Amino acid sequence: MAAIRNLLTLARKELAGLLRDRFMLFFVLYAFTGMIYLQATGISHELRNASIAIVDEDQSPLALRFRSAFRAPDFQAPALIGKGEVDRAMADARYTFVLDVPPDFQADLLAGRGAELQILVDATAMMQAGIGAAQIQSVLSDEVTRFLARDKTTTVPDAVSAQLRFAFNQTLETTRFTGLMAILFNVTMLSVLLTGAAVIREREHGTLEHLLVMPVRPLEIMGAKVLANGLVVLGMTALSLALIIRWALGIHLAGSLPLFMAGTAVYLFFTTALGIFLATVARSMPQLGLLFILIVLPLNLLSGGNTPLESMPVWLQRVMQFSPATQFVAFAQAILYRGADITLVWRHFAAVAGTGALFFCLSLWRFRRHLAAAR
């Protein structure tokens, strides 16, 4: 009972210290509210308002159909430019796409001769370039098909008809993905930084020496930091899901929120221990920031939240399976996107818990050595 009482007392002290730190408090609030909203709405993997110009050297009815085929919100109204303006317009980045309709294109098409269209793409806008080029080809193909079939009363059915069904994100909205992935990133970032900063702040202010003369053990001191900062991040995660994801963005969560929060609590056991470990290595806040960049950012970038694991080299995929961040992203996507229950994600939970326990023991060993050196 005495150990639990000490743990709760120290945890209250940690929470009080966070409440007094106005900058850190503002940072935590902003990270789980404004930052989530901006990332969800500001990053788009969809084609929106793409600038396009048309060089119409044919002046045919089919070329006129091309002009009206590119509509909002995917494309801006097509601009008509001359052949001699193309190079300068592309160099000045005025247009992402330029469609060149050559002379006699319609006549060659109707006569069955080879008819080609040229699409120039500014590939510096990588996301729009890849998606837009495919969409432009689809639009042009549809217009040509309709034009050639305009006088036909019957059509020959396709031998194979493919029907697409999109699961778990039927409207293919980027916001649904980026908003939730931003929360997962901030869970890792804030839990590591809060616990690491708490240790370094106590060392710089001299309060760590005060704790050493009290009848408390290193396990209780470390456990209090894990408990207090973990509760703060867990509470802000729940607030962000309810306030930003559900209310502000209107995103439906498919799975069980309590199950996800339970998994997040298990993951926080690892990240808070990691924060303490980094704080025992770093001698100052700037050093903690550098260690964060070297260790935590790669864990997040390679966890599968930004880039699918399948797109990485095979050896890297196998290495990242040992990272709790990868398991965290995997079960979070399974629960929130696909509605998975505990029978489908318990292996991820177990992997995170096992790795977290090992790292907690390692961090406790480092923390004890750190306290012994401070005596």
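Cβ atoms are placed via backbone N, Cα and C, with glycine included.
Per TrEMBL, the feature transmembrane segment maps to 23-40, 180-201, 221-245, 257-282, 288-307, 345-365. TrEMBL lists 133-370 with the feature domain 'ABC transmembrane type-2'.
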Inset, instruction - Answer with yes or no whether the transmembrane segment (345-365) touches the transmembrane segment (257-282) by the criterion of at least three Cβ pairs under 8 A, sequence separation 6 or more. - result: yes
Inset, instruction - Rank 180-201, 221-245, 288-307, 345-365 by Cβ pairs under 8 Å to the transmembrane segment (23-40) and hand me the top one. - result: 221-245
Inset, instruction - Would you confirm whether the transmembrane segment (180-201) and the transmembrane segment (345-365) meet the contact rule of 3 or more C-beta pairs below 8 angstroms, pairs 6 or more apart in sequence? - result: no
Legend entry - Distal contacts, the transmembrane segment (288-307) - CB-CB under 8 A, six or more residues away: 181, 184-185, 188-189, 192-193, 196-197, 200, 274, 278-279, 281-282, 316, 320, 323, 325-326, 328-330
